[in-house]
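**Q** Have a look at this one before I ask anything.
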Amino acid sequence: MELQINGTTQLVGFFAHPAKHSLSPKMQSLAFQLTETDAIYLAFEIKEGQLDKALQSIFTFNMLGANVSMPHKTAVLPYLDHYTAGCELIGAANTIVHRNRQLWGYNTDGVGFIQSLQAAGISYQGKAITILGAGGAATAMISQAALDGVANIHVFSRLGPRFEQMEEKIKEIHRKTACKVTLTNLYDNECLQTAIRHSDILVNATSVGMQENESPINDFSVLRKDLVVYDAIYQPRETYLLKQAKKYQAKTINGLGMLLYQGAASFELWTHKKMPIEKIRPILDKV
């Protein structure tokens, strides 16, 4: 059905910089239409230093809430009245719900990752995962995987502030879960190859792969038929890493499922309705 905007239509925002590239507005708008929810979803370019005013607009315009993306996922936490234990462990929120003049924070990124594995029929409990990256998406994936029963996670990241932050995050994960997590320099090729050989799932949670013929790993000989190769990138749908993985007959998964399932979790928090994923996915596949 066609969306009919009227005097009671409510707003959900997407606060990020950059914001224009996101598929979330199309996905959420479709979900509102298909569930006959009287709401619209709009993207707003919110730069660093503008977050407080953007959050105030949730009250000003009586919005249902918002999605928050880079660079605000961590910076938003002090502004929230409440946030989940998952947000605390991850150190970031990506979804805000407006309830009774209060802002409630959630992180659906990790949930989206796990549910996309489930949807693809991938077993992860008691398994070993190698994850490339230590940014916001990687942290959410690592934390949720640890909470949901993954036995071993090998994290590889470039040295720098994110590496140091991940060191502290891993200590917290060890305190709160039974998962064993290691952290190694991404450029330690020998350790990386060993980790991949002993892993059931390889995850790229970096942005390396958005450009043609670009990959976070250089030696593809470590890929194999019984390995799942998961790339959180969804533009392009098939990264160079996934193309190479297919040559080795590995099972490949792109980031569209994670986008879809994290969006569905956010949608349900705002509307208390289930997103019609089976109707939306084929439409997003064509975008």
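From the backbone N, Cα and C atoms, a Cβ is placed for every residue, glycine too.
Note: TrEMBL annotation is automatic and uncurated.
Sharing the features that TrEMBL gives for it:
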DOMAIN    15-96  domain 'Shikimate dehydrogenase substrate binding N-terminal'
BINDING   Ser22, Leu23, Ser24, Ser69, Asn94, Asp109, Tyr234, Gln262  shikimate binding site
ACT_SITE  Lys73  active site, proton acceptor
BINDING   Gly133, Ala134, Gly135, Gly136, Ala137, Ala232, Gly255  NADP(+) binding site
DOMAIN    255-281  domain 'SDH C-terminal'
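Where in this structure would I find these features, and how exposed are they?
**A** Listed in sequence order, the residues of the same chain lying 6 or more apart from Gln262 (shikimate binding site) and placing their CB within less than 8 Å of its CB are Asn94, Thr108, Asp109, Val111, Gly112, Phe113.
Other Cβ atoms within 10 Å of the Cβ of Lys73 (active site, proton acceptor) number 26 in total over all chains.
DSSP assigns Ala232 (NADP(+) binding site) to coil, not to a helix or a strand.
Within the chain, the domain 'SDH C-terminal' (255-281) has long-range Cβ neighbours (under 8 A, six or more residues past its boundaries) at 12, 23-24, 27-28, 30-32, 34-35, 37, 39, 64-65, 67, 94-95, 97, 106, 108-109, 111-113, 115-116, 119-120, 231-234, 237.
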**Q** What is the three-state DSSP composition of the domain 'Shikimate dehydrogenase substrate binding N-terminal' (15-96), stated as helix, strand and coil residue counts?
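**A** When I sort the residues of the domain 'Shikimate dehydrogenase substrate binding N-terminal' (15-96) into the three classes, I find 30 helix, 17 strand, 35 coil.
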**Q** Quick one: which residues besides Ser22, Leu23, Ser24, Ser69, Asn94, Asp109, Tyr234, Gln262 have a Cβ within 8 Å of the shikimate site's Cβ centroid, in sequence order?
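**A** So the additional residues around the site are Asn67, Leu259, Gly263.
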**Q** Measure from the Cα of Ser69 (shikimate binding site) to the Cα of every one of the binding-site residues Gly133, Ala137, Ala232, then give the nearest.
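**A** Result: the closest of the binding-site residues to Ser69 (shikimate binding site) is Ala137.
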**Q** Quick one: pull the CA-CA distance for Ala134 (NADP(+) binding site) versus Lys73 (active site, proton acceptor), whole Å only.
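**A** Distance (Cα to Cα, whole Å): 14 Å.
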**Q** Which residue counts does DSSP yield for the domain 'SDH C-terminal' (255-281) in the helix, strand and coil classes, in that order?
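**A** Grouping H, G, I as helix and E, B as strand yields 21 helix, 0 strand, 6 coil.
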**Q** Which entry in the list of binding-site residues, Ser22, Ser24, Ser69, Asn94, has its Cβ near the fewest other Cβ atoms, using 10 Å as the limit?
**A** Ser22
